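**Student:** This is the structure I have questions about; it appears just below.
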Amino acid sequence: MNPHAKLISSLSLLLGTTITISSNHWVMAWTGLEINTLAIIPLISKSHHPRAIEAAIKYFLVQAAASALVLFSSMSNAWATGQWDITQLTHPTSSLLLTTAIAMKLGLVPFHFWFPEVLQGSSLITALLLSTMMKFPPITLLFLTSHSLNPTLLTIMAIASTALGGWMGLNQTQVRKILAFSSISHLGWMAAIIIYSPKLTLLTFYMYSLMTAAVFLTLNTTKALNLPMVMTAWTKTPTLSATLMLALLSLAGLPPLTGFLPKWLIIQELTKQEMTTTATIIALLSLLGLFFYLRLAYYSTITLPPNTTNHMKQWHTNMSTSTLTATLTSLSISLLPLSPMILTAI
């Protein structure tokens, strides 16, 4: 890809995200979302592979439909209340439409179908952007309108996302698809708590982004795209494979790793809100996710492949992002002891 085109796309991504998260007016927020969508499409389709082109088209169609719903929701709210302010979303139909639109943008169940396919058609770095940075503006809109969202709808979406994210990830052999279903599962946890503690949702998203970035950058260094390639990665970078195992277990939410913190706080908050049933259900459903994280961790460090691999051996690994990967992996493993400080910050 042309460096100038890549620079323009990257700057447009930053610009679109900044416009959306800093706007008070619905039209400005919509503009930022549109800039984001148009900026990421060249990055998805840059390999010119048919699967990448297909992913770019699917992404564009879904995001265009979601953006139209955002605009329709804000216009119907302005028609009913005379307010264009994001925090003044008080009309029930507008609130329902916005929840649907944001669920489409994020990939929450039942609007999740596009997300694994788009991630599978993208490169690992673009998949990282789609899983983290592209989710930030929609989550910010949910954060700003959290007081007027429908609790029943969000709880149903949260439980369905956690269930489907764990269930569909069990049978996957492609790493990007596994991480896509992992993302859907984590979004379920965020949707469950957004109404009761919006700041905790943001904290969960930050922690998830940190751990996912560590996993994606590690996989990008070892060029592992599926489970057989993950199996043979230990011969190239044994230390990196060991830290990948810890990062994956952190993503699964096992104590004493960083990923345990948001899940612990969400279950605690749901219990305070007398939603013990919801807390129990999503905690049990996260065990499905734990299975495929454990399988990935097992493949990355412990097993030897039983047969010869069909892909080319790569004797040289790309270590250009080694410092960043090391920092993110360290943070994704060791932040739990700092939880009192993190809790005072939110």
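Each residue, glycine too, has its Cβ placed from N, Cα and C.
According to TrEMBL, the record shows the following:
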| type | residues | note |
| --- | --- | --- |
| DOMAIN | 23-288 | domain 'NADH:quinone oxidoreductase/Mrp antiporter transmembrane' |
| DOMAIN | 290-343 | domain 'NADH dehydrogenase subunit 2 C-terminal' |
| TRANSMEM | 56-75 | transmembrane segment |
| TRANSMEM | 95-115 | transmembrane segment |
| TRANSMEM | 152-171 | transmembrane segment |
| TRANSMEM | 178-196 | transmembrane segment |
| TRANSMEM | 202-219 | transmembrane segment |
| TRANSMEM | 240-261 | transmembrane segment |
| TRANSMEM | 281-302 | transmembrane segment |
| TRANSMEM | 323-343 | transmembrane segment |
**Student:** Near the transmembrane segment (178-196), which residues from the same chain, at least 6 beyond its ends, have a CB less than 8 A from one of its CBs?
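**Tutor:** Same-chain residues near the transmembrane segment (178-196) but 6 or more away: 106-109, 112, 115-116, 119-120, 127, 131, 135, 139, 142-143, 146-147, 149, 151, 154-155, 157-166, 168-169, 172, 204-205, 208, 212, 215-216, 251, 262-263, 266, 269-270, 273, 275, 278, 282, 285-286, 289, 292-293, 296.
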**Student:** Restricting to the domain 'NADH dehydrogenase subunit 2 C-terminal' (290-343), what is the model's mean pLDDT?
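**Tutor:** Mean per-residue confidence for the domain 'NADH dehydrogenase subunit 2 C-terminal' (290-343): 75 out of 100.
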